[in-house]
Amino acid sequence: MSEKRVAVVTGASRGIGRGIAVALARPGYDIIVNYNASPGPAEETAAAVAARGGSAHLHRFNIADADSVKEAFKEIIKTYGRVDVLVNNAGIARDNLLVLMKASEWDEVLDTNLRGAFLCTQAVVKQMLRQRYGRIVNVTSVVGVIGNAGQCNYSAAKAGLIGFTRSIARELVSRNITVNAVAPGFIETDMTLALPETARQSLLQQIPAGRCGTPEDIAAAVVFLASEAAGYITGQVIHVNGGMFMG
Ligand code: NAP
């Protein structure tokens with residue numbers, strides 16, 4: 001059983017999730033680095049966590065698959081005896097205009113980005129209730145609040161995640177479990193790499209800070225919400241977007 005604090009970060013093999021896992025890393029912390037399809041990059045995250053003095057443990061599971069989520073958290077809780085922090089970060093995009101969107105594109109995004117967060121949270125919450133301690137941080141998006149043409153599935157999932165956050169924050173706060181969301185703006189990761197240069201330039205013009213965000217910008221907010229010091233903050237959405245939208 002771990003004497004340390006234990007944090008699970010979903011989708012920590014790359015991008016924002018990697019930034020969060022590394023920023024959470026410190027001596028006295030076990031960081032569970034979840035990934036699905038990218039074992040090599042997940043190893044790189046683990047090495048970066050270790051370089052900061054944290055202990056990293058790789059766990060492959062598909063957050064959209066109820067059985068594998070249940071199995072993974074059962075094993076994590078059995079091994080470490082506790083989970084203090086859950087960051088629901090893993091997410092995908094399958095962009096299309098409404099008129100062209102396939103039901104499969106809708107389902108895939110909702111299953112991963114919204115149902116996946118529900119499954120992971122439900123799998124961990126009984127342990128947090130027993131501990132009388134927990135910090136849950138959900139990574140939503142600016143488009144979950146303002147919408148975005150071509151992303152009705154993604155923005156619906158991210159808006160749903162905000163409703164989920166606010167509801168369970170009310171259910172859990174009396175047991176010293178806080179639930180908050182961080183809403184990134186436009187962040188340089190694999191997810192945004194595919195954008196054509198014209199779309200990138202037009203997005204940049206909407207950011208008063210004059211630059212894209214980095215995974216570290218998002219991780220700083222997550223680390224704060226995941227800390228003991230943030231114990232009186234719950235049900236909130238922190239926007240980290242360089243002034244693109246002020247919620
Ligand atoms: P990314 O670079 O594409 O990385 C996505 C991560 O999610 C990867 O580690 C991937 O792991 C994991 N993942 C995807 N499906 C999974 C599944 N079914 N089970 C487990 N892990 C899964 O994306 P990102 O930009 O870092 O985005 C991270 C989060 O921030 C997402 O929720 C995204 O919606 C949100 N966000 C991003 C931006 C942005 O501008 N980048 C803006 C707002 C919000 P594998 O490769 O191992 O499958």
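The count begins at 1 with the first shown residue.
Keep in mind that glycine also has a Cβ here, set from the backbone N, Cα and C atoms.
Taken from TrEMBL, the feature domain 'Ketoreductase' covers 5-185. Within the model, the domain 'Ketoreductase' (5-185) shows a mean pLDDT value of 98, rounded to a whole number.
Per TrEMBL, NADP(+) binding site is recorded for Gly11, Ala12, Ser13, Arg14, Asn89, Tyr154, Ser155, Ala156, Ala157, Lys158, Ile187. Taking a C-beta cut-off of under 8 Å and a sequence gap of six or more, Ser155 (NADP(+) binding site) has these contacts in its own chain: Ser141, Val143, Gly144, Gly147, Asn148.
Of all Cβ atoms in the shown protein chains, 26 besides its own fall within 10 Å of the Cβ of Tyr154 (active site, proton acceptor). A helical conformation is recorded for Tyr154 (active site, proton acceptor) in the three-state DSSP classification. Residues or ranges marked as active site, proton acceptor in TrEMBL: Tyr154.
Counting in whole angstrom, Asn89 (NADP(+) binding site) lies 14 from Tyr154 (active site, proton acceptor) by their C-alpha atoms.
Close contacts with ligand 1, defined as a Cβ under 6 Å from any of its atoms, occur at Gly11, Ser13, Ile187 among the recorded positions Gly11, Ser13, Tyr154, Ala157, Ile187. Of all the binding-site residues listed (Ser13, Asn89), Ser13 has the fewest other CB atoms within 10 A of its CB. Within 10 Å of the C-beta of Gly11 (NADP(+) binding site) we count 27 further C-beta atoms, all protein chains included. It is 16 Å from the Cα atom of Ile187 (NADP(+) binding site) to that of Tyr154 (active site, proton acceptor). All protein chains included, Ile187 (NADP(+) binding site) registers 22 other Cβ atoms within 10 Å of its own Cβ.
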